[in-house]
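Residues or ranges marked as active site, proton donor/acceptor in TrEMBL: E169. TrEMBL lists H17, E20, H119 with the feature Zn(2+) binding site. Annotation source TrEMBL lists domain 'Succinylglutamate desuccinylase/Aspartoacylase catalytic' at 8-193. Feature annotation from TrEMBL assigns domain 'AstE/AspA barrel-sandwich hybrid' to 211-288.
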Amino acid sequence: MNALPRLSRVAVCGGTHGNELSGVYLVRELLKVKKKKKKEEEDEDGGAMSVLLVLSNPRAMQQCLRYIDTDLNRCFTHACLIGPTLDKTPYEMRRARELNAMLGPKGSAGAMDLICDLHNTTANMGLSLITYSDHDWICMHIFRHLQAQHLLLKNVFFYIYIIENISMEVGPQPHGVVRSNIYTTMKSGVQYMLDWVHFFNSGVIFDGGFMDVFTVVKHIDYPRDGETHNITAAIHPQLQDRDFCLLRPGDPLFQTFSGETLRYTGSEPLYPFFINESAYYEKGILFLGSQTNACVCSHTYLGAQLSVHCRSTKAQSYIC
């Protein structure tokens, strides 16, 4: 069993990519609710948990762009955070340092206990939680809690150096628009996540168990012209929108612009996701290929006080 400290400080961030609008509008709505209620939630919770709501990339949001100078989500490396700030320093790098100071600084004792970054994808991924450690019991139990609410979601693990504990990806949604069903799914996911934190802080013991996790093993690019580097094919219709479905060697992968079918020639099956994500064209990524692993989720409880083995604690309402 894992005895973990109280989660007193939680941050929910939207607009890291300024054209992914579900997170933008959800954080704006939560800020309005928080202002109207005058922090009733914190008062009722006895100060056990404070929720910081952050609009991460204001300039990109104003222009409805993914970013102004560079991808904010790639600006939280140690080198980016400690480098000098010059006149030519990209806006997102400056903003990353501001966020690091606000939410951390990263790795410090004063850092947020939990950070959830909200994203949309054009891929047919439903609600997916992306975590960055396969031993983060908090994130694993949050996934299990959301799964118990009958939300259709997947849990993905891969290594990347960014500031948050969890990324919540919801799609499909075109960038630059907001769809009510996608917004509602994200809203429910955030509510259930905050409910879990409240349960944990109230002393509920969470049972361990096994869970399936999709672990990223490779990136797949489009076929390209050797001279122009332009792509020469699109996703095959039989693969499009089949995120997290098994892709076997020999299955259709591409349909060339001349009409030819190109098949997957890898030696091992993959579970692709972020299929045909529009923001990944510039990165040379057709999809991320993953494999499933059974992850053991340990029994977890609040170590600072006597815990009760039940789920009867009344959830707080953080979203209206």
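Any Cβ shown, glycine's included, is placed from N, Cα and C.
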| query | Which is it, of H17, H119: the one of these binding-site residues whose Cβ has the most other Cβ atoms within 10 Å? | reply | H17
| field | Chain-mates of H17, E20, H119 with C-beta within 8 Å of site centroid, Zn(2+) | value | G15, T16, N19, G23, R66, L118, N120, T121, H175, A279
| query | So what sits near E169 (active site, proton donor/acceptor) in its own chain, CB-to-CB under 8 Å and at least six residues off in sequence? | reply | H119, N120, T121, M125, L127, S128, L129, I130
| Once the DSSP letters are reduced so that anything not helix or strand counts as coil, what is H17 (Zn(2+) binding site)? | coil
